[in-house]
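In TrEMBL this protein carries:
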type: COMPBIAS; residues: 10-20; note: compositional bias 'Basic and acidic residues'
type: DOMAIN; residues: 16-55; note: domain 'L-seryl-tRNA selenium transferase N-terminal'
type: MOD_RES; residues: Lys294; note: N6-(pyridoxal phosphate)lysine
type: REGION; residues: 1-20; note: region 'Disordered'
Amino acid sequence: MTQGSAPQGAEHEDPRRRIPRTDALLALPAVERARASLGETVIRGIVRAAQDRARAGEITPEQVEDAVLGAIGDHPAASMRPVLNATGVIVHTNLGRAPLSAPARAALQDAAGYTDVELDLMTGARSRRGAGARAALLAACPAAEDALVVNNGAAALLLATTALAAGREVVWSRGEIVEIGAGFRLADLVSSAGARVREVGTTNRTHAADYTAACEDGQVGALMKVHTSNYRIEGFTSEVGVAELAGIAHEHGLPLIADLGSGLLRPESVLPGEPDATAALESGADVVITSGDKLLGGPQAGILLGTAATIARLARHPLARAVRADKLALAALEATLTGPVPPVLAALRTDPAALRRRTEALAARIGGELVAHDGRVGGGGGAEVPLPGWAIALEPELAPALRTGEPAVVGVLSQGRLLLDLRCVPEDQEDAIVVAVDAVREPR
Ligand SMILES: *Cc1c(COP(=O)(O)O)cnc(C)c1O
């Protein structure tokens with residue numbers, strides 16, 4: 001490559017002429033082996049980058065081979081790296097929400113190849129997509145007559161409002177028209193579905209009569225009940241519960257959509273204020289929407305549970321095809337529901353005394369101080385509910401190196417200290433924290 005630009009017949013050999021040729025680098029045994037995990041474009045890019053560094057004088061031509069081998073060795077198949085979540089925030093949106101249970105991880109792996117997602121192997125005929133996940137949902141939530149799994153909670157809301165209320169109004173309390181993070185406003189989504197948001201009531205108080213009045217004028221497609229999963233209004237407040245709202249909806253021949261967000265299928269004693277799908281359905285909601293990767297503890301998914309007639313209406317809508325769940329999510333969701341308590345619920349139900357013992361023991365190993373620290377549910381519900389617990393306080397200077405280390409350890413910076421909360425750290429990963437902290441404390 002460089003030959004053409006090298007000065008002809010130069011007396012002093014240009015060092016760049018000693019840069020190993022592309023074909024020689026590509027033929028290195030380690031590079032050959034890397035072809036099992038890296039594509040040709042990536043490998044050639046790594047080779048070119050090392051040659052360019054030598055041309056720029058950053059490394060010598062003799063160092064090019066090592067640079068290629070090093071870069072190939074460090075190159076992960078995907079750039080997302082595993083993180084030890086030492087924040088105490090269970091459903092951490094920036095860290096990928098719910099970590100999957102062991103059976104869910106195995107199911108993902110099994111479904112990664114060809115799989116009978118839409119084929120009945122007994123008869124050889126086409127079958128209903130995701131029948132296993134549907135059956136697991138109905139077993140976990142018998143109050144639902146039918147279930148449909150889509151891409152995520154937002155997609156579920158889009159599908160429900162499009163199928164039930166496009167071109168008409170969705171009656172919705174002003175106190176429940178929420179933004180759920182990163183500027184994502186539920187009302188904007190519903191408007192984009194072609195339904196008109198009809199705000200009723202006020203920020204703090206909405207009454208049954210507000211909904212009834214809206215239903216009288218004949219423009220309405222559905223009533224909406226949204227769980228304000230990330231904030232709470234306190235004081236002089238009133239809202240209309242699902243049961244009463246369902247009564248108003250059905251009196252006017254309308255469906256009630258209940259968006260719970262959090263993903264609890266049944267009541268959870270640690271979060272007594274958190275609504276659950278079973279209660280909402282038993283109270284008369286026609287369709288309940290929850291996310292798969294919040295408190296349910298599964299993969300990203302939007303779960304629609306409801307009456308047979310309503311779910312059939314949604315499943316028939318053309319948009320259902322655009323928002324359908326992929327086979328990996330269906331497999332992981334089923335395994336989450338049929339498996340043992342998933343990591344999210346285990347973290348939620350952590351016994352503070354046990355957490356204290358773990359934290360004290362690890363603090364003794366890495367040399368930090370034990371401090372009280374409340375965990376949080378995070379973006380999945382249970383707004384503002386503190387989960388009493390403990391953390392290890394370390395020097396704040398360690399934070400960047402721990403974050404960028406191997407494995408990456410993400411804690412919380414609070415009052416001039418770095419706190420490591422073990423609530424969401426698997427017990428078998430504690431040694432990895434010791435190694436990570438030792439590595440960053442060592443002067444390099
Ligand atoms: C999280 C949430 C959603 C969106 O669900 P995603 O799975 O993140 O798309 C919708 N509604 C409520 C009330 C939520 O809490």
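Backbone N, Cα and C atoms are what each Cβ position is placed from, and that goes for glycine too.
Restricting the average to the domain 'L-seryl-tRNA selenium transferase N-terminal' (16-55) gives a pLDDT of 94.
Classification of Lys294 (N6-(pyridoxal phosphate)lysine) by DSSP places it in coil, neither helical nor stranded. With DSSP classes pooled into helix, strand and coil, the tally for the domain 'L-seryl-tRNA selenium transferase N-terminal' (16-55) is 30 helix, 0 strand, 10 coil.
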